[in-house]
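Report on one structure; see the data block that follows.
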There are 2 protein chains.
Amino acid sequence: MKASFNPSLYLVTDSTMVSITELPTIVEKCVLGGVTMVQLREKTASTRAFVSIAFQLKEILAKYHVPLIINDRIDVALAIDADGIHIGQDDMPYHIARRILGPDKIIGLSVESYKQVEEANLLDVDYIGISPVFNTPTKTDTKTTFGIEGVEKIVAMSKHRTVAIGGIHLDNARPIIKAGANGVAVVSALMKATDPKKEAQKFKEIL
Amino acid sequence: MKASFNPSLYLVTDSTMVSITELPTIVEKCVLGGVTMVQLREKTASTRAFVSIAFQLKEILAKYHVPLIINDRIDVALAIDADGIHIGQDDMPYHIARRILGPDKIIGLSVESYKQVEEANLLDVDYIGISPVFNTPTKTDTKTTFGIEGVEKIVAMSKHRTVAIGGIHLDNARPIIKAGANGVAVVSALMKATDPKKEAQKFKEIL
């Protein structure tokens, strides 16, 4: 059976911001502060290093019953029996991903246009990632930002749960939830925080 | 049941040498010239592009009953139901790869030291890749070359079939087979050939 999940405060890791060896500590602090879901995104490590860090995070997150989602790499997700994957439009096509992972894994899909929201409505994805809401330095390959109005429009259009991502920090998180999104995905605001636990707590208070 | 395979003339692709759109044509020409096995190695493309080219190659190779092996990426291998994977020492650990792929897929493992040959003897891999035999511009992360003497030594040590890789071209292929290796893996000598079919035929004559 598919695990239930709460995407309200969704941490997305970025090992270009911190060294991969620091990730377990930072992730655990974020969870202690209230992060409800974690996505491991790793674009440069070897498969072996990716699997190794994924195992470490899985062990930590299991203690807190926080789901671990792997970005893009279904092989890594299978290796560690992760809770699910998150795919973008350049990653594995959804139908193939679902066939490989089966019905019980969480699959999130990034949408970067309203047309892609409509296409996602035809799929049984578990949530869509509205990407990007705001301008962000961590993703340079996306073109237009949706803004709060875009989030409102997508929430109305989509039959799926929605998580907003892109340039989200303490000052702009609240309007996203007010616009109806089920969660905010946060990268640098948590990864780069001096005190990740306290920062996550502040997000919790706002949301 | 596992497909039988003949690794005697094993083409390893490299999309840094040719554009990904040219790959299907080059690979087919190589097969017409006598290539017996193909490994798709792709380190820069998106997962979607990787899956797409893998599907194209599978369709071509199926016509000739030539096995398609995917380098590193088990997700891509599963997506297209490839004949197997080839993993290096920094890729997925062998036991996990075998668990995910099951007993019927070919798994090849690169060895870069005599110690790794001994370790591979404890695993039910389908062949080992002796890497590198000679100096090569396509792999910069490997340290020492085995040379012909090293191939002889490994052939004697290994309980697995052996394929040599690294800097192999028409002038140095024959001694590798004489040393007892079951095959030569060729990258640039075929990928960069003006006439890949003719080049593959020349290899066939030598081997």
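Backbone N, Cα and C atoms are what each Cβ position is placed from, and that goes for glycine too.
TrEMBL annotations: computationally assigned, not manually curated.
The domain 'Thiamine phosphate synthase/TenI' annotation in TrEMBL covers B:9-190. Among the features that TrEMBL reports, 4-amino-2-methyl-5-(diphosphooxymethyl)pyrimidine binding site is placed at B:Gln39, B:Leu40, B:Arg41, B:Glu42, B:Lys43, B:Asn71, B:Ser110, B:Lys139. Taken from TrEMBL, the feature Mg(2+) binding site applies to B:Asp72, B:Asp91.
Mapped onto this structure are the features recorded in TrEMBL.
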| residue | record | Cβ neighbours (10 Å) |
| --- | --- | --- |
| B:Gln39 | 4-amino-2-methyl-5-(diphosphooxymethyl)pyrimidine binding site | 25 |
| B:Leu40 | 4-amino-2-methyl-5-(diphosphooxymethyl)pyrimidine binding site | 30 |
| B:Arg41 | 4-amino-2-methyl-5-(diphosphooxymethyl)pyrimidine binding site | 17 |
| B:Glu42 | 4-amino-2-methyl-5-(diphosphooxymethyl)pyrimidine binding site | 23 |
| B:Lys43 | 4-amino-2-methyl-5-(diphosphooxymethyl)pyrimidine binding site | 11 |
| B:Asn71 | 4-amino-2-methyl-5-(diphosphooxymethyl)pyrimidine binding site | 22 |
| B:Asp72 | Mg(2+) binding site | 23 |
| B:Asp91 | Mg(2+) binding site | 22 |
| B:Ser110 | 4-amino-2-methyl-5-(diphosphooxymethyl)pyrimidine binding site | 24 |
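Proximity to chain A, defined as a CB-CB distance below 8 A, holds for B:Asp72, B:Asp91 out of the binding-site residues B:Arg41, B:Asp72, B:Asp91, B:Ser110. The binding-site residues listed here (B:Gln39, B:Leu40, B:Arg41, B:Glu42, B:Lys43, B:Asn71) include B:Asn71 as those with a Cα within 10 A of the Cα of B:Asp91 (Mg(2+) binding site). Each residue contributes its Cα atom, and for B:Ser110 (4-amino-2-methyl-5-(diphosphooxymethyl)pyrimidine binding site) and B:Asp72 (Mg(2+) binding site) these two points are 11 Å apart. Cα spacing between B:Glu42 (4-amino-2-methyl-5-(diphosphooxymethyl)pyrimidine binding site) and B:Asp72 (Mg(2+) binding site): 9 Å, rounded to the nearest whole number. Within the model, the domain 'Thiamine phosphate synthase/TenI' (B:9-190) carries an average pLDDT of 95.
In this structure, the C-alpha atom of B:Arg41 (4-amino-2-methyl-5-(diphosphooxymethyl)pyrimidine binding site) lies 8 angstrom from that of B:Asp72 (Mg(2+) binding site).
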